[in-house]
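J.: If you scroll down you'll find the structure; I have some questions about it.
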Amino acid sequence: MADFPSSYRPDETPDVIFAEHTWLQGAFLGAVAYGIQFILYVMTCFFLWKLRNPTNNRQNILFIIYISIIFVLSTLYMAGLLQFTQLSFIDGRNIPGGPKAFEEEMFSLPIDMLANVIMVLNSWFCDIINVWRCWVIYQGCRVPSWIVNTIPILLYMGSVAFGVLFLKQVGTVSQSPWDAAGINFTIPYYAMSLALNILITLLIVLRLLVYRHRIVQALGTAQGSQYTSLAAMIVESAAIYSTFSLLFLIPFALGSQLSQLFLQGLSIVQGVSTFLIIFRVATGKGWSQDTYANTMTMQTSTLAIRTPGGNSHSSRPTRRGTSGYSTYDKDLETRDDPIVLGPISTSSDDDWLSPKKSISNIEISKHVTVEESV
C-alpha cells in the first residue's frame, strides 16, 4: 500500500477497491497484448509478402487480408476499451459505487457496445482459423478429417449463436454480464468458445504427439522437431488463448472480480494466438496438408544405388532409419567406380505448398558421405 494519509483513500470497501484495481490493470494488460499483436502483424505481413511464389501467392494474399481484418478489429476494440475505461475512472467516477459500478452498469453505452461487438466478431474470425488448422493437421489421418472436426464445427456454430444472444443481452439497458434479468448468456457464450478452443487444443496436441512418435521411429529425434517441439505444439494448438480463457472463465463463474483482469485482454490475446499460427505458416514452419504424408514417404521410399558390374542385392537400413535397398557387390568394395543414384522425388504428387522437384542419375564417389535432408 502507498504511504499517504487515509483521508486520501476513496470511501469504498476493500472488495470494491480490489475490483477497480482489476478493471484498470486489465486495460493495461490488454494494451500490452495489443503491442505484441502489432509487432506480430508487421512481421507476419512482411514474410507473407516476401515469401510469395507462384504456388502460394493467392494463399499469402488471403492471409494478409485475413490478419489485416483482425488487426483493424483489435485496434477498434482497444480504442473502445480505453475510452470506456477513461469514462468510468474519470468522467463518470461519481456514480454510486465508483468506477466498478460504472463498468458493470453502463455496458449499453455506444462506445462499450462497439468494443463488445468487435470482441465477438474477432472471436468468430479467430475461432475459424483454429478449426481450419485442426482440419489441415488431420489430413492424412486414418480417421477422416471431417469426422474428427464434426464436434468442433458444431461448437463453432453454437459459439456464433450464443455470441448473438450475448450481444443482444449487453445491448439492452440495465442488462450487463454481471446483472442480467432472466438467462445470462455470458457464461454460455464464453464456455462454448472455450470448449471449442480446448477441444481443438487437445486434438492438435494429440495428433502432433502421435506424429512425433512415428517420426522419431522413422527418422530419428532430429527430424520433424519444427512440428513437434513444445513451442510448436503451443502455437499450433492455440493453447495460449485456451489458457487465458480459463484464467477468465473460472474466476467469473466463481463470482470473483479477478476475472476482469483477464476479460479485457481476452480478445487481443486471441488475436495474438492466431497471428502466431499464421506467422509459422508464413515462415514455412507450419503444418501443411501434406506434411505427414511427405515425411512418412521418406520412411518407405526406396533409393536404388547401383554400382557398375554389381549383381548381388543386400537389404540395408539407410541413415536415420529410412528403409531401402542397395545393389552391392562385395568384390567391388575397393573399386573407385562412382555410385549412381536412381531418380529421387522431393515431394508428393499432391503437394500444393511446394513445387515437385526430382533428381536423377546422380554419380557420387564411394568415398563421399551422403546425408539426407528433410
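Each Cβ is built from the backbone N, Cα and C atoms, and glycine gets one as well.
Annotations in TrEMBL come from automatic prediction, not curation.
In case it helps, TrEMBL gives these features for our protein:
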type: TRANSMEM; residues: 27-49; note: transmembrane segment
type: TRANSMEM; residues: 61-86; note: transmembrane segment
type: TRANSMEM; residues: 106-125; note: transmembrane segment
type: TRANSMEM; residues: 146-167; note: transmembrane segment
type: TRANSMEM; residues: 187-210; note: transmembrane segment
type: TRANSMEM; residues: 230-255; note: transmembrane segment
type: TRANSMEM; residues: 261-279; note: transmembrane segment
type: COMPBIAS; residues: 304-326; note: compositional bias 'Polar residues'
type: REGION; residues: 304-331; note: region 'Disordered'
J.: Which of 27-49, 61-86, 106-125, 187-210, 261-279 has the most Cβ pairs closer than 8 Å to the transmembrane segment (146-167)?
T.: 187-210
J.: Counting Cβ pairs under 8 Å to the transmembrane segment (106-125), which of 27-49, 187-210, 261-279 comes out on top?
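T.: Maximum Cβ contact count belongs to 261-279.
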J.: For the transmembrane segment (61-86), find every same-chain residue at least 6 residues outside the stretch whose CB is under 8 Å from a CB in it, and list them.
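T.: Here the qualifying positions are 23-24, 27, 30-31, 34, 37-38, 41, 44-45, 48-49, 52, 103, 106, 109, 111-112, 114-115, 118-119, 121-122, 125-126, 129, 264, 267-268, 271, 274-275, 278, 281-282.
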